[in-house]
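The ATP binding site feature in TrEMBL is assigned to S32, G33, G34, P35, D36, S37. Summarising the annotation, TrEMBL assigns domain 'tRNA(Ile)-lysidine/2-thiocytidine synthase N-terminal' to 27-207.
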Amino acid sequence: MPSAETSPVSVLDAKRLFADWKAAPAVVLAVSGGPDSMALMWLAARWRRALKKGPRLLAITVDHGLRKEAAREARDVKQLARALGIEHRTLRWRGEKPKTGLPSAARDARYRLLLRAASSHGASHVFTAHTRDDQAETVIMRLSRGSGIAGLAAMARQSDRGGVVLARPFLDVPKSRLIATLAKAGIAFADDPTNHDPRFTRPRLRALMPVLAAEGADARGLARLASRLARANTALEVMTDGAERYLASINGAASGSFDLAAFAALSDEIRVRLLMRAIDRAGHEGPAELGKVEALLQAMDRATAGKKPGRGVQLKQTLAGALISIQNQRIHIGPAPRRGRRMAGLP
């Protein structure tokens, strides 16, 4: 008898998993041809049929141009989509591919194409088939990279991407249940060999999961950790919002300028988040790395520790395209001069 971890996902289960999005006008389904995404398309089609009125479904397959089998897999997706009464499109990642950081570049290209397709077809949401197993792997990946609370919260069930919502209905569902669903329905799926390629980080970490599970750190536990950290991160963001409003109210402080004494009285975690927000707003070199912001905060504390309030510049530093300075008992964060730019008035 199948257990709760291996039983197929029923229509009732699907109605519960997709319930939050039944009022959406249209939904893009990201379907690669692998087991998780094929189960997503199958279950979304059954869910839609069970509704009197529901979203229009559009399945999108992204061919990254990296494997010759990808074209055949896209045709297999199209065939199943047609049988399910779902419109299907194949999009291709064109252009030169990077020699390093390929998985990350491919992921960015995939989301870019999916979100563009959603916008052009009037879809409010893009569904991906990330499972509880994927969530657990993401926690381990981010832990290995030294991520903070926000990073270890891993993937959110929903996130806004420029006006289109990226949704992950299966984030609490084990992969084994999706495979059981396809087996019961008699649906074949593709097995992407790059998912087992030890040259890439995620497959190497995936191979460690059975070892971690034997020590009690299984996918369920790691996903639960991500959920708890997401809850903590939400609370910390609310506290940071309040701190930002408080600092802005002091002496009519402008955005990107803080009273030094008031800022110093806050907890380290809130100060780090305030700095990250201000640097991201002012900078022009992308998001600031957490470790570098933490180092900046330490430098700020050293520059002001044990010193009497006075005038003059106590610190001046650039980070992620932002210029951070402490001067006249205030912290100022604004855009840094762009590298290579000529000074005004010079030829």
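A Cβ is built for glycine as well, from the same backbone N, Cα and C atoms used for every other residue.
TrEMBL does not curate its annotations; it predicts them automatically.
Overlay of TrEMBL feature records on the structure.
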residue: S32; record: ATP binding site; contacts (Cβ under 8 Å, 6+ apart): T61, V62, E73, V77, A190, D192
residue: G33; record: ATP binding site; contacts (Cβ under 8 Å, 6+ apart): T61, E73, A74, D76, V77, F189, A190
residue: G34; record: ATP binding site; contacts (Cβ under 8 Å, 6+ apart): A129, F189, A190, D191, D192, N195
residue: P35; record: ATP binding site; contacts (Cβ under 8 Å, 6+ apart): K175, L178, I179, L182, F189
residue: D36; record: ATP binding site; contacts (Cβ under 8 Å, 6+ apart): A129, H130, T131, D134, F170, K175, L178
residue: S37; record: ATP binding site; contacts (Cβ under 8 Å, 6+ apart): L29, A30, V31, T128, A129
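Listed in chain order, the extra residues whose Cβ falls within 8 Å of the Cβ center of the ATP site residues S32, G33, G34, P35, D36, S37 are V31, M38, A39, L40, A129, F189, A190, D192. Taken together, the residues of the domain 'tRNA(Ile)-lysidine/2-thiocytidine synthase N-terminal' (27-207) have an average pLDDT of 95.
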